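A quick write-up on the structure given underneath.
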């Protein structure tokens, strides 16, 4: 497929800012349960929020190809995965006991598994199918589940500039939206919250023009930005938890 001619004026820093804003909106909507009283506002936060993971997954693949130290990259993700376990659990599942799968529930674990998957795919090219299946299983209970690994694999494996960006959205968004609508049609009592969350998957399509405008440059990237991007995840969950429960 020929490249689409777009003004490629977005660098990695710009994409990170977009991902952070989308994440904050998404977690405000879901954590404060606004879907109960404001369903249309919740649909908005869910739709915009779906920008976050594809952008993070795309930048993960870029980081994998350009990192000068894979071990440090993996360690950084592992550290922030562990740091995020408690804030994620308390913010989203405050009223139930801690269970085993809470260890693997946050997005940093999904990204770490995606990074390790790419390393294995590069090293053991003849076992790609098995490797992807293994990592789909490992992320079954994590944030974004098997969809997360599918998105990362598409960004890693597809070389065409356009198809790389378009295919993951089709593989993930369309089945989710269709299944959600069919569930509602077949069972009118099906939770409206789940319907909103399913339709909100359409937000993934918004990543297409953004990622096609990526120019391959890192942009503004001092150490505080590099680490701050990761730190924002557990930090904003903690702040939102405090605001929700104590203010």
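We number each residue from 1, going along the chain as drawn.
Quick reminder: no glycine exception, Cβ is built from N, Cα and C everywhere.
Unlike curated entries, TrEMBL annotations are predicted automatically.
Listed in TrEMBL:
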- 12-28: transmembrane segment (TRANSMEM)
- 40-61: transmembrane segment (TRANSMEM)
- 73-92: transmembrane segment (TRANSMEM)
- 98-120: transmembrane segment (TRANSMEM)
- 127-153: transmembrane segment (TRANSMEM)
- 165-182: transmembrane segment (TRANSMEM)
- 194-212: transmembrane segment (TRANSMEM)
- 224-243: transmembrane segment (TRANSMEM)
Cβ pairs under 8 Å between the transmembrane segment (165-182) and the transmembrane segment (40-61), at least three:
yes
The transmembrane segment (73-92) in contact with the transmembrane segment (40-61), cutoff 8 A, at least 3 CB pairs, sep 6+:
no
Outside the transmembrane segment (127-153), six or more residues from its ends: residues with CB under 8 Å to it:
53-54, 57, 60-61, 88, 101, 104-107, 109-111, 113-114, 116-118, 120-121, 168, 171-172, 176
Beyond the flanks of the transmembrane segment (98-120) by at least 6 residues, Cβ under 8 Å:
53, 56-57, 60-61, 63-64, 70, 73-74, 77-78, 80-81, 84-85, 88-89, 92, 127, 131-132, 135, 138-139, 141-144, 148-149, 152-153, 156, 230, 233
Below 8 angstroms Cβ to Cβ, which residues of this chain, lying six or more residues outside the transmembrane segment (12-28), approach it?
34, 44-46, 48-52, 55-56, 58-59, 62, 91, 210-211, 214, 217-221, 225, 229, 232-233, 236-237, 240
